[in-house]
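Visitor: For reference, the structure I am asking about is given below.
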């Protein structure tokens, strides 16, 4: 389903809901307006007749009617019906080139000033155009993280200025470069604060024992066209060391944005702020860990030495404050971060307008190409931002980009080339009158541009006849003021001509206070006095009408809210604000909430009803019908186009391929970038067993950017003998390797056992002993020769 029918469906839904209401009800007469100003507020089609004698003298509402009805009833020439209008006050033509040295004569947006006069409920429309001119001056401020982890990056950008200037001067002849650095707040727990670390926080760190003291932000080089000064300043820098992983870079970003004179931002130049880091940032409320409870004031705090003096006094800035100050000073922030933190900073870009994020290599060697890519991305996009929009104004945008197709609800164009013009239709509507403030203004500005459109707003909330007041007029019996064909009675008097006093007995005319015979006086919600109803007051709202039959609180509710908070209650029926329809105004006609990430309405698988997707494709589900397991995937749908292009030698304008490639912008390349975060990479095998590769990205305008290889990748057929030899050789090598491993293990085991034996042997200790079974061959006997026969003694020896 294409996008236009989805938008058309929403419009038809609104018309279908509105036609029965207009056909069956004249909202002007049912609104029970009691004055010209009230009549104008009911509906932009309502008009007031200021003729003295007109219509039913008892019915004020007969004066408030459609203009055609008033003319038909004889009120010609005295009708109050102001219309909304637009007047262009200043409209300088767009420039084609940023030719001057300062760029002060370059106009990239037209018109520059418009005055609109608005009647509540009625839209007025004006056109504006934006162009990215060629050769526009560029100011680039390089803001670098000098914490210890960025040491190798610092080494690699020593000559960055020269190389970067060479590349940028291919894009603009007027280029200037500046430099600043940051680490973190010099307080605990963000930095090392012990006395021994004050002069050298790297003490005790073996890998890099010497570094400079920690600091918040230092502005080192104002914007200059002397790139040698940049190189010289970079060569002077040394890294420092902080304590925790996050860095204090957002402090530095804010100072670089608001210290315009110190940095040297030119008024008429494209402002680029390159933020390089390898870690996450501290944000608002982190400062409370260090006792910093004062929120950041968003002001410049650089001293004479260009150092940030409030680093240890105020908290880190919030994302909202950063976005405000960057937009206020027309600065495009480029996050150059390492791959592991890419998604975090990618999410930041959705919260901070005008920011882009690129992946920085670990050693910053790709920084030049990164900056060139970011510059090209910024120059290829135009997005309108609204400043100081009054609360009672509704704005509606329709973008017409380079393809000439209108996209309702969109205020951004992408994929532009330098010199392309993006057109926007802006519709302005006042929901109500602002009260005392009769005139207001707001500004439309493309993100990152100095050009802007100032819109002065005046409200048509008063009638011309109100200027001719007649106090104590004879037309009002001397008891009131005559204005716009009516009498405004003084206190205590009633009647169309103020002819009655309150409290007079008019019982004979009480039937004039009944809406119909048998109905209660003044619908039971008022008193009949002087032949007319005086309605009671109610804590719920206003009771009004000739017979007090109407009120402002008896309309349909949604979740307990009258008219869903998107309309006004008039006599039992909701009058919806612009952008809402339905009996209780709960149905939004805005289709922006139905846009999928690829920019398509309901992922091209459903329709947008009341701001929500109703999936019509079988199997599709999700908030924007983005999930569909049974649907053909995007690669399959794009494959038909690619195959047709290959068959017809890459000619997308070929009649045969026109149907398959009607929404694709074709780019032929020799190699596909596989790490592109935004692109979807697709493969398929051709009939010749070759691999065809292509990638695509969905553009916001509903088209696809299709990047296709010029030739499929075809590998040569494998050699059977080579495969056989490789298999046999592999088996032999594996077998020999296993045998060698086995032999090695056995040898190691034997050596361990032998060493164990030797160790035990050396520790052994033996005791001397004789064998009890062993007898010596020689025996010795001693004889006593003084042997006495009787005394059995012998003394001697043998």
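Glycine too: its Cβ is placed from the backbone N, Cα and C atoms.
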Visitor: Out of 38, 52, 247, which is the one Swiss-Prot records at the Mg(2+) site of 147, 149?
Guide: 247
Visitor: For the Ca(2+) 2 site that Swiss-Prot assigns to 242, 244, 246, 247, which of 153, 184, 315 is also named?
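Guide: So, going by the record in Swiss-Prot, that would be 184.
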Visitor: Of the residues 323, 354, 362, 404, only one is listed by Swiss-Prot in the Ca(2+) 1 site with 149, 152, 153. Which is it?
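Guide: The one candidate that Swiss-Prot places in that Ca(2+) 1 site: 362.
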Visitor: Quick check on the annotations: Swiss-Prot lists transmembrane segment for one of 697-719, 720-742, 743-765. Which range is it?
Guide: 720-742
Visitor: Please list the DSSP helix, strand and coil residue counts for the domain 'I-EGF 4' (587-626).
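Guide: In the domain 'I-EGF 4' (587-626), the DSSP-based counts are 6 helix, 13 strand, 21 coil.
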Visitor: Roughly how many Å separate the Cα of residue 36 (disulfide bond) from that of residue 149 (Ca(2+) 1 binding site), to the nearest whole number?
Guide: 72
Visitor: Where's the emptiest Cβ shell within 10 Å among the disulfide-bonded residues 211, 585?
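Guide: Relative to the other disulfide-bonded residues in 211, 585, 211 has the fewest Cβ atoms within 10 Å.
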Visitor: Within 10 Å of the Cβ of residue 242 (Ca(2+) 2 binding site), how many other Cβ atoms can be counted across all chains shown?
Guide: 25
Visitor: If you take the centroid of the Cβ atoms of 149, 152, 153, 362, the listed Ca(2+) 1 site, which other residues of that chain have their Cβ within 8 Å of it?
Guide: 150, 151, 278, 363, 364
Visitor: Based on DSSP, name the secondary structure state of residue 75 (disulfide bond): helix, strand or coil.
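Guide: Its secondary structure by DSSP: coil.
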Visitor: Pick from 152, 153, 184, 247: which of these binding-site residues has the biggest number of other Cβ atoms within 10 Å of its Cβ?
Guide: 184
